Amino acid sequence: MIPEEIYKILRKQRYQIDGHTAVKLCGWVRKKMLEDKNCYKSKFYGIETHRCIQCTPSVIWCQQNCIFCWRVLPRDIGIDISQIKEPKWEEPEVVYEKILAMHKRIIMGYAGVLDRVGEKKFKEALEPKHVAISLSGEPTLYPYLDELIKIFHKNGFTTFVVSNGILTDVIEKIEPTQLYISLDAYDLDSYRRICGGKKEYWESILNTLDILKEKKRTCIRTTLIRGYNDDILKFVELYERADVHFIELKSYMHVGYSQKRLKKEDMLQHDEILKLAKMLDENSSYKLIDDSEDSRVALLQNENRKINPKL
């Protein structure tokens, strides 16, 4: 199912993998456990960092080849993704239980440093409340994503789903607590250059933008790369078309396998992110309301669709 070369790399990167499902401890959970530092989602949306699971039901399957992706892409190691067969997709109840079990196994590793973590925080981490379905791969390729989200909600979780927006029919169906669409290009040429996608994929993404106003809580995330897509005003028309609740402008980070495709200089500094956010603020319906220097990210809110950012 997963080529051995990719599996070995993912395991070396500390992915827990079971079938087509994977969990990896977010670096911010580690910082919260050991240094009591919160992630930007805590600052922006009020989540408890140490109680968040980072997972995917489709660990290596994605339609795009984004140059900024820190994950290993099949083409990075000479594998044609079209030659990798889709797995036999497991039922959502099975995937849910696997995600919880893998996450618990990771957190239990902190039992050995309980003096640094603290018993209260450790116990809370063993009872997660949030799940980010965003680790690797494209989650909408998992055919039971809607059912999986509902299972998480039934069990008291808030859900964050991050999608490339290609499968409009799936996006229309799902209702996570917060839906993220990654919009990293402003036209077909930039899409091909940055995301390595097909023309029909770009057209599908545009169709998805048109249905986002019907969703309960939405965010567009744009990963900015110096010299590739940092002319923020070229995005304004698409942002207005989507009419989402929030926009996150985030710098590309020179980590993981992206280091083989881009240079360190392609990252933007936080003051540059803020400058672009203020430019967007002055030229659109979206107003700058928060930022996080550690993550080089700025949050803007749609002044025509105001909701409380905090969950």
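Cβ from N, Cα, C; glycine included.
Listed in sequence order, the residues of the same chain lying 6 or more apart from Cys52 ([4Fe-4S] cluster 1 binding site) and placing their CB within less than 8 Å of its CB are Cys26, Val29, Cys39, Lys41, Pro128, Lys129, His130, Val131, Ala132. When secondary structure is read from DSSP and collapsed to three states, Cys52 ([4Fe-4S] cluster 1 binding site) falls in the strand class. Summarising the annotation, Swiss-Prot assigns [4Fe-4S] cluster 1 binding site to Cys26, Cys39, Cys52 and lists a curator's inference as the type of evidence.
Residues or ranges marked as [4Fe-4S] cluster 2 binding site in Swiss-Prot (evidence: a curator's inference): Cys62, Cys66, Cys69. Cβ neighbour count for Cys69 ([4Fe-4S] cluster 2 binding site) (all protein chains, 10 Å cutoff from its Cβ): 20.
Sequence annotations record features per position, and here Swiss-Prot assigns domain 'Radical SAM core' to 45-283.
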Beyond Cys26, Cys39, Cys52, what residues of that chain have CB atoms within 8 A of the centre of the [4Fe-4S] cluster 1 site's CB atoms?
Gly27, Trp28, Val29, Lys32, Lys41, Ser42, Ile47, Thr49, His50, Gln54, His130, Ala132
Starting from the Cβ of Cys62 ([4Fe-4S] cluster 2 binding site), draw a 10 Å sphere and report how many other Cβ atoms land inside it.
22
Using a 10 Å cut-off on CB atoms, tell me which of the binding-site residues Cys26, Cys39, Cys66 is the least crowded.
Cys26
